[in-house]
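Below is one structure, written out as structure tokens; comments come after it.
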Amino acid sequence: MSLEFGFILINIFTAIVSFSTLSHALLHPSSVSHNVSRSRYYMTTNELWFNQTLDHESPNDHRKFRQRYYEFMDYFRSPDGPMFMIICGEGPCSGIANDYINVLAKKFQAGVVSLEHRYYGKSSPFNSLATENLKYLSSKQALYDLASFRQYYQESLNKKLNISSGGSDNPWFFFGISYSGALSAWFRLKFPHLTCGSLASSAVVRAIYEFSEFDQQIGESAGQECKLALQETNKLLELGLKVKNKAVKSLFNATELDVDADFLYLTADAAVMAFQYGNPDKLCVPLVEAKKNGSDLVVTYSTYVREYCMRIWGLRVRTYNRKHLRNTVVTADSAYRLWWFQACTELGYFQVAPKYDSVRSHQINTTFHLDLCKSLFGKDVYPKVDATNLYYGGDRLAATKIIFTNGSEDPWRHASKQNSTHEMPSYIIKCRNCGHGSDIRGCPQSPMVIEGKSNNCSLPDYVNKVRQQMVEHIDLWLSECRQSIRSSI
């Protein structure tokens, strides 16, 4: 296997940057910065590079690859200010976003760095994403990447500050949303000596094989009227596919999807986007009205999908096309193949239709997911979710100084840690449009809200209260960390 050291040119304006979430699995829209200028959206887009170890578990493999990162030091209080590490997740990392972490960095006079996840964006070790080249793509290797980079950056910072070798480290705090939120929690679990604490926002720490709770939450968040309208729409879609297949798919600009279940996965994800990212009325108001008026539900739903999911939130049909997902050439859309590999090997999160009262087609079942995994990566691929939960602890991980936050309407909260303890406080942010990463992104979570402002949350006081608790925990843990550092000198 040849290692590709040169970076791959990918020009993508990614929505949440450090916290991008992809469809099918964590469902992150690829363009949520609608009508927001690039300069206001980012704290920095200046690319920096780090030579990362390919295989941290092999003493004999010394291969390296170039890993992209960013730094923002405008608020840093030299020489002993804290360092905030923003973990980039399962997508290209185009810079450091101007969200609520920017507000926290300013408050705590922190420097900020952000590391792109291996294989994603411009941090691809190989020029081919064939299955055999993906064996180094795992959460475990990603955690080692973070540890190695953290050590490298601290040493570089010490040199800049003229601190002698062996001098004390700055206090570090880790941040992440969704999968990167899980990485933030897992990093504190596995490398407690390298961080003073972690914020795990909407952190999916529990790997799940059959994730039926996901759809149950969507139905709950939708409310009875909207749920019934969604269920009727699904039945009409399934019937329409049998009698006028291409005509139905053309309403959604999705005629390229030859496999009907792939199309039904797209239409299910489109509904999820409304609740997960704080825009429930964009879907429910027109759909419920259409049902009451006797209007065509499929046409109404397709209008929502085209006008909002595709035009504003960046939903792309080809990322549901398994022919496209089998493409091993590194492209701007490679993240979808890469995330499916992680789902198919260690994390699962298979969003299957519940047996009763489902808001998605029953064709989206376990067999569908397993067949897709085999179609993309070969017959030997299987999600080892039990091993993942044994290794990290699932939602019962035994760690300290981790803040867990979840939006009340976010279906992914059922894969997070929702019970609170003294060492690992957990907060549910309750409001009508509080979804994925509301504590960092504000409301709605898409399109982008500068500095994650809570003004447009249906109950902003709930968001602000949780944020105040976050500040108090970070302040306490950084203080304890500084005291520990001073006592060790």
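Cβ coordinates are placed from backbone N, Cα and C, and glycine is handled just like the others.
Taken from Swiss-Prot as is:
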{"type": "SIGNAL", "residues": "1-25", "note": "signal peptide"}
{"type": "CARBOHYD", "residues": "N35", "note": "N-linked glycosylation site"}
{"type": "CARBOHYD", "residues": "N51", "note": "N-linked glycosylation site"}
{"type": "CARBOHYD", "residues": "N162", "note": "N-linked glycosylation site"}
{"type": "ACT_SITE", "residues": "S178", "note": "active site, charge relay system"}
{"type": "CARBOHYD", "residues": "N253", "note": "N-linked glycosylation site"}
{"type": "CARBOHYD", "residues": "N293", "note": "N-linked glycosylation site"}
{"type": "CARBOHYD", "residues": "N365", "note": "N-linked glycosylation site"}
{"type": "CARBOHYD", "residues": "N406", "note": "N-linked glycosylation site"}
{"type": "ACT_SITE", "residues": "D410", "note": "active site, charge relay system"}
{"type": "CARBOHYD", "residues": "N419", "note": "N-linked glycosylation site"}
{"type": "ACT_SITE", "residues": "H436", "note": "active site, charge relay system"}
{"type": "CARBOHYD", "residues": "N456", "note": "N-linked glycosylation site"}
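Mapped onto this structure are the features recorded in Swiss-Prot.
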residue	record	Cβ neighbours (10 Å)
N51	N-linked glycosylation site	11
N162	N-linked glycosylation site	8
S178	active site, charge relay system	30
N253	N-linked glycosylation site	12
N293	N-linked glycosylation site	9
N365	N-linked glycosylation site	17
D410	active site, charge relay system	27
N419	N-linked glycosylation site	9
H436	active site, charge relay system	32
N456	N-linked glycosylation site	12
Long-range Cβ environment of N406 (N-linked glycosylation site), under 8 Å and at least 6 residues apart: S201, S202, W412, R413, S416, Q418, S426, Y427, I428, I429
Based on Cα distances to H436 (active site, charge relay system), point out the closest of the recorded positions N162, S178, N253, N293, N456. S178
Which of these recorded positions is closest to N456 (N-linked glycosylation site) if you go by CA atoms: N51, N162, S178, N253, N293? S178
What is the separation, in Å, between the Cα atoms of S178 (active site, charge relay system) and N162 (N-linked glycosylation site)? 37
If you measure N365 (N-linked glycosylation site) to N419 (N-linked glycosylation site) at Cα, how many Å is it? 29
What DSSP gives for N51 (N-linked glycosylation site), in three states, is strand
List the Cα distance (Å, whole number) between N253 (N-linked glycosylation site) and N293 (N-linked glycosylation site). 25
Nearest of the recorded positions to N51 (N-linked glycosylation site) by CA-CA distance, picking from N293, D410, N419? D410
Can you give me the Cα-Cα distance between D410 (active site, charge relay system) and N293 (N-linked glycosylation site) in Å, rounded to a whole number? 30
Distance from N162 (N-linked glycosylation site) back to N419 (N-linked glycosylation site), taken between C-alpha atoms, in Å: 44
